[in-house]
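**Q** Below is one structure. I have some questions about it.
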Amino acid sequence: MAARAQFLREYKLVVVGGGGVGKSALTIQFIQSHFVDEYDPTIEDSYRKQCIIDDEVALLDVLDTAGQEEYGAMREQYMRTGEGFLLVYSITSRNSFEEISIFHQQILRVKDQDSFPVIVVANKCDLEYERQVGMNEGRDLAKHFGCKFIETSAKQRINVDEAFSNLVREIRKYNREQQTGRPAIAAGGGGPAGSYTQDRHHDEAPGCCAGCVIA
């Protein structure tokens with residue numbers, strides 16, 4: 001048992017996005033299977049969870065970050081240490097969607113890379129009647145970034161585990177590419193981004209996030 005723990009791979013995941021998009025709710029739902037319905041602006045919280053992804057044990061170190069502009073100076077610090085990023089916006093807020101490009105550009109600048117493991121996450125898909133950002137817009141933005149896209153609901157636990165698991169897969173793929181110098185085959189796929197449909201969570205409400213895809 002001790003020998004196995006010695007080789008336990010740790011992944012540093014960072015959840016970024018504007019204020020009020022549900023970053024903390026998404027993170028706590030993933031870590032604790034609990035929905036936090038009150039909004040309490042986060043400065044910075046760290047969580048750890050051990051799980052199995054594609055038959056490999058992984059220790060996830062998840063950093064939930066501040067979305068408010070006044071904490072912007074802290075961003076570069078966690079961007080330097082993060083191995084992968086969930087870029088979260090709310091489908092009910094066009095402003096939060098537009099902020100995603102700023103976060104993405106900052107990550108690439110801090111990392112001094114043309115690409116890096118990220119996933120665009122459209123949260124609050126249970127609030128379809130308040131939608132301001134179309135699914136195709138999120139998918140197109142992710143395609144522009146060269147990454148995957150997923151719609152989630154922290155409240156109804158829709159695609160929450162899938163968002164974090166797929167980010168770990170992207171980190172693994174990125175690391176293989178860095179080691180071999182050539183593109184790796186995506187886990188669970190084999191085609192380019194956007195080539196397969198994400199299964200909806202079994203607890204999903206009818207009509208919510210219909211046809212959620214990772215693109």
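Along the chain as shown, the residues are counted starting at 1.
Using the three backbone atoms N, Cα and C, a Cβ is placed for every residue, glycine included.
What Swiss-Prot records for 17-24, 64-68, 123-126 is GTP binding site, and it gives similarity to another entry as the kind of evidence. Look at Swiss-Prot and you will find 39-47 tagged as motif 'Effector region'. Marked as region 'Disordered' by Swiss-Prot: 179-199. Taken from Swiss-Prot, the feature cysteine methyl ester applies to Cys212, supported by similarity to another entry.
Looking at the shown structure, what environment does each listed feature sit in?
**A** Under the DSSP three-state reduction, Gly17 (GTP binding site) is assigned to strand.
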**Q** Test of understanding: give the count of other CB atoms lying within 10 angstroms of the CB of Thr65 (GTP binding site).
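**A** 25, counting other Cβ atoms within 10 Å of Thr65 (GTP binding site).
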**Q** Out of these binding-site residues, Gly17, Gly20, which one has the fewest other C-beta atoms within 10 Å of its own C-beta?
**A** Gly20
